[in-house]
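Novice: Sharing a structure below in structure tokens format, with a few things to ask.
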């Protein structure tokens, strides 16, 4: 990679990863909610398991946060107030609007409790939230808990030895959660493991470790076959043997290593850059778009078959992209306008 990309800590290949991940998640949710009855390797193993890309999102989020803030925290040059304000300013306006729209589209008696939890951005600290308002936001919830703990995360990554120890402990926590802490005596049957930060800590630690070894990994560009072989083995294991979360974590690591060792030409495409910049907004809003299509009876317009699924998936993804693009620009301009007014008071 050239010096400009390394200096800016931007890896165009990861933009491609984000776009593919969000497209896969949208395809999976449309397939799961539409009851199309489609079978075969593509629908069951590839699209049907694409929801596991949320683990990839966590790992990429950790790597991305390290690119932007790790050195600043390590050097003590970042203001903690500025750090947390940026997290809220980046995520809260769009998410708050989605929560309001979700309640308007699908009102319920419990919405008042859930929208309050969502608007604080602290719902990930609840023991078993099971929030239906913007239901897919559970990923945002656990990632935001990671943001809250990021200073401690940087402490764990202060040295490679400590980072590996933290990674091992996180792995033990993940296994113990599966074997003991998340059994019927400790949690309810509808409990979702990934919503728990200790269970998901290993996914974030993996992203942190990749960051610590990024210079060594970048040298693989000269022997890229290593990254290709690792990705091939990880993908084959995941799609043909097991979709276990830990296997998906290894697959995610392989994807990221492959992405940061590639030349990134595809990621420099303007369309890819744009889609990557709104990938999380698309993730948060796509089910709202799907519910609108469902209400106007488009989801099975050609019957219960692959044609209806394909049409619905395309409309859902396109709708979420258009919605996210427009709303993000409007909100950014509104926030700038409000800040200017406050500064002039």
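Cβ from N, Cα, C; glycine included.
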Novice: If you check TrEMBL, which stretch out of 133-157, 283-307 is marked transmembrane segment?
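Specialist: Result: 133-157 is the stretch TrEMBL calls transmembrane segment.
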Novice: May I ask you to indicate which of 247-263, 264-280 is given in TrEMBL as transmembrane segment?
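Specialist: Based on what TrEMBL states, transmembrane segment spans 247-263.
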Novice: Transmembrane segment per TrEMBL: which of the ranges 197-213, 316-332 is that?
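Specialist: Of the candidate stretches, TrEMBL labels 197-213 as transmembrane segment.
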Novice: Can you work out which residues elsewhere in the same chain, 6+ from the ends of the transmembrane segment (164-182), have a Cβ less than 8 Å from its Cβ atoms?
Specialist: 156-157, 191, 193, 196, 198-202, 204-206, 208-209, 245-246
